[in-house]
Structures are given as structure tokens and as C-alpha cells.
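A.B. asks: Below is the structure I would like to discuss, written out as C-alpha cells.
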Amino acid sequence: MASSALAKPQMRGLLARRLRIHIVGAFVVSLGVAAFYKYAVAEPRKKAYADFYRNYDSVKYFEEMRKAGVFQSVK
């Protein structure tokens, strides 16, 4: 009998195994995207803000806007 030589296919746990593999993959991808965002977007933005405010003179810009007539309550 040739049918007795064939092994039975595994039918239990297929979904659990597939979900386990995909959850690990999704976790790895999400960590990669988070690291990419941090170093490609957040860090350069933080550096740009720090560079801007290092030389920022709020009194100077206030006086420029006051002279230009932006503020109605300040003469």
C-alpha cells in the first residue's frame, strides 16, 4: 500500500506558528521604523531648533515687529 508510506500533514498549530513569525517580524519592522524616524527626522529637527535658539534675540525681533506696526497695542 503506497498510501501508508505518505506522512500525514500537520494540521494543528498552523495559525499559531504563522502568527508567531509575523508578530516577530512586525515587531522588528516597527523598531526599525522608530529608529529611522528618530535619527532621520527627530534628531536633525532638534539640532535645528537648538541652533536657532542659540542665537535668537527675542527683544530684537520684538522691536522689529513693533516698528513695522504688527502690534496694535504697542506703540
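Positions of Cβ are set from backbone N, Cα and C atoms, glycine also.
Feature list, courtesy of Swiss-Prot:
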TOPO_DOM  1-13  topological domain 'Mitochondrial matrix'
TOPO_DOM  55-75  topological domain 'Mitochondrial intermembrane'
TRANSMEM  14-54  transmembrane segment
A.B. asks: Please give the average pLDDT for the topological domain 'Mitochondrial matrix' (1-13) in this predicted model.
C.D. replies: 79
A.B. asks: In the topological domain 'Mitochondrial intermembrane' (55-75), how many residues does DSSP call helix, how many strand, and how many coil?
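C.D. replies: Split into helix, strand and coil, the topological domain 'Mitochondrial intermembrane' (55-75) gives 11 helix, 0 strand, 10 coil.
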